[in-house]
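These features come from TrEMBL:
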- 1-33: signal peptide (SIGNAL)
- His113, Asp147, Glu209: Zn(2+) 1 binding site (BINDING)
- Asp115: active site (ACT_SITE)
- Glu181: active site, proton acceptor (ACT_SITE)
Amino acid sequence: MAATPHLPQPECFLSVSLLLLLLLVSSLQISLAKPSVQESTESEIISRFQQYLQINTSQPDPDYKQSTSFLLAIANSLSLESQVLEFVPGKPLVLLKWPGTDPSLPSILLNSHTDVVPSEPHKWGHPPFQAHLDPSTGHIFARGSQDMKCVGMQYLEAIWKLRSSGFKPTRDVYLSFVPDEEIGGHDGAEKFAESEVFDKMNVGVVLDEGLASPDGFYRVFYGERSAWWMSIKAVGKPGHGAKLYDNSAMENLFKSIESIRRFRSAQFDLVKSGSRAEGDVISVNMVFLKAGTPSPTGFVMNLQPSEAVAGFDIRVPPTADPLALERRIAEEWAPSSRNMTFEFKQKGPLHDKFGKPMVTPLDDSNPWWGLLQKAIKNANGVLGKPEIFPASTDARYFRNRGLPAIGFSPMANTPILLHDHNEYLNKDEYLKGIDLYVSIIKTYSSFAPRTARDDASRAEL
Ligand SMILES: *[C@@H]1O[C@H](CO)[C@@H](O)[C@H](O)[C@H]1NC(C)=O
Ligand SMILES: *[C@@H]1O[C@H](CO)[C@@H](O)[C@H](O)[C@H]1NC(C)=O
């Protein structure tokens with residue numbers, strides 16, 4: 001929490017000059033108690049973004065010390081309340097609060113992660129933690145420029161603008177900077193969403209990350225696919241490499257792989273034909289193949305092995321029927337009749353804690369959706385058709401609690417380069433995004449429902 005400076009109170013009034021002094025002191029006290037936030041220039045805003053990008057928060061060993069002190073310094077300049085939570089030692093979550101005038105209303109949570117994925121610097125045109133700004137194009141090259149240090153800083157810059165304009169939120173606005181989204185979020189957002197601190201925040205809606213869009217429409221996400229990581233194993237009689245016989249481990253595994261590939265093609269065709277979006281189909285990709293009998297020079301070539309294993313990354317939309325997929329796996333992909341077994345290394349849920357599909361409703365039951373559309377329109381932005389996020393984000397931990405969570409990273413006219421070499425964001429897109437968040441935070445934090453309906457419908461979720 002930010003400390004409020006206090007000045008000693010004068011004790012007596014001896015003369016007019018002392019009275020004047022008193023007036024001076026008390027006006028000084030007011031200005032110290034409520035430090036005014038100065039408007040920033042464009043170059044200050046860009047420079048802060050670059051500073052955040054220059055902190056090496058790459059997994060597997062992010063520099064949390066620097067990112068935490070950087071964020072706390074900005075929070076301090078903005079007189080936001082701050083807290084550093086460590087659900088797991090060494091993995092700090094920075095929680096900031098801009099108190100509203102009516103703390104009884106559910107709050108707004110703006111979530112972002114501080115960590116980034118590793119990079120291969122020699123494959124980049126500019127070092128990934130230099131945050132080089134190309135003067136001719138305005139592109140800022142850095143790991144995290146899209147995923148998602150941009151969003152974290154845009155939240156803060158939007159608050160900076162709102163603070164300097166004198167705006168006061170009605171609802172409490174929280175910002176969480178979580179440490180480990182890129183490796184699953186288990187020590188950050190997952191524990192946070194289940195914590196007592198989170199309960200006390202009385203969150204009404206969460207904003208989290210989305211994806212860049214190459215065209216002029218901003219992408220927006222209301223759910224995401226769940227990761228099912230599965231390995232299937234075949235066993236069979238070993239035999240001479242020259243012999244043709246049925247039911248070898250390899251042959252049994254190949255029958256499964258062929259069946260999985262047919263399913264994959266059918267799903268992919270739906271995307272290619274444009275009849276389904278990427279997030280609406282079940283994707284399945286083979287990620288490892290483990291078989292063969294090792295020899296000092298590689299593998300034994302004249303032996304058909306007795307075991308073979310393959311691993312698959314399956315992504316399941318929240319609208320899919322999990323039982324039907326499980327049946328397909330047990331009957332077609334790894335049938336015991338073919339001496340196959342299967343095992344899940346991870347099996348993300350499709351339903352929230354209350355048994356409902358893990359999607360944020362985009363109808364009248366969720367006022368935050370209409371408010372977001374309005375806020376973006378007011379800032380001259382155009383939203384694309386809402387989508388299911390094709391991969392995973394921390395938003396799932398909030399949706400699991402039945403909370404509305406919307407994925408949105410304001411990057412239009414931008415190629416999708418998350419996790420890629422030469423990840424960049426153009427400075428003008430970055431600045432435009434700040435204005436979108438100014439509009440969103442203003443709209444969200446001022447939303448005072450005339451009835452208790454929105455809060456009631458939240459309790460029902
Ligand atoms: C960034 O940190 C990672 C460890 O997480 C390290 O491997 C890498 O070399 C660092 N990069 C730079 C440019 O310091
Ligand atoms: C399954 O294993 C049994 C026992 O080794 C064997 O008799 C049978 O032929 C195998 N079936 C298939 C389809 O591989």
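Every residue, even glycine, has its Cβ placed from backbone N, Cα and C.
Overlay of TrEMBL feature records on the structure.
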residue : record                       : CB count, 10 Å
His113  : Zn(2+) 1 binding site        : 28
Asp115  : active site                  : 27
Asp147  : Zn(2+) 1 binding site        : 28
Glu181  : active site, proton acceptor : 28
Glu209  : Zn(2+) 1 binding site        : 23
- Express the distance between the Cα positions of Asp147 (Zn(2+) 1 binding site) and the residue listed as 'active site' as a whole number of Å. 9
- Where does Glu209 (Zn(2+) 1 binding site) sit by DSSP, helix, strand or coil? coil
- Query: Between Glu181 (active site, proton acceptor) and Glu209 (Zn(2+) 1 binding site), what is the CA-CA distance rounded to a whole number of Å?
  - Reply: 11
- Query: Can you check what DSSP calls Glu181 (active site, proton acceptor), collapsed to helix, strand or coil?
  - Reply: helix
- DSSP three-state call for His113 (Zn(2+) 1 binding site): helix, strand or coil? strand
- Separation of alpha carbons, Glu209 (Zn(2+) 1 binding site) and Asp115 (active site) (Å): 13
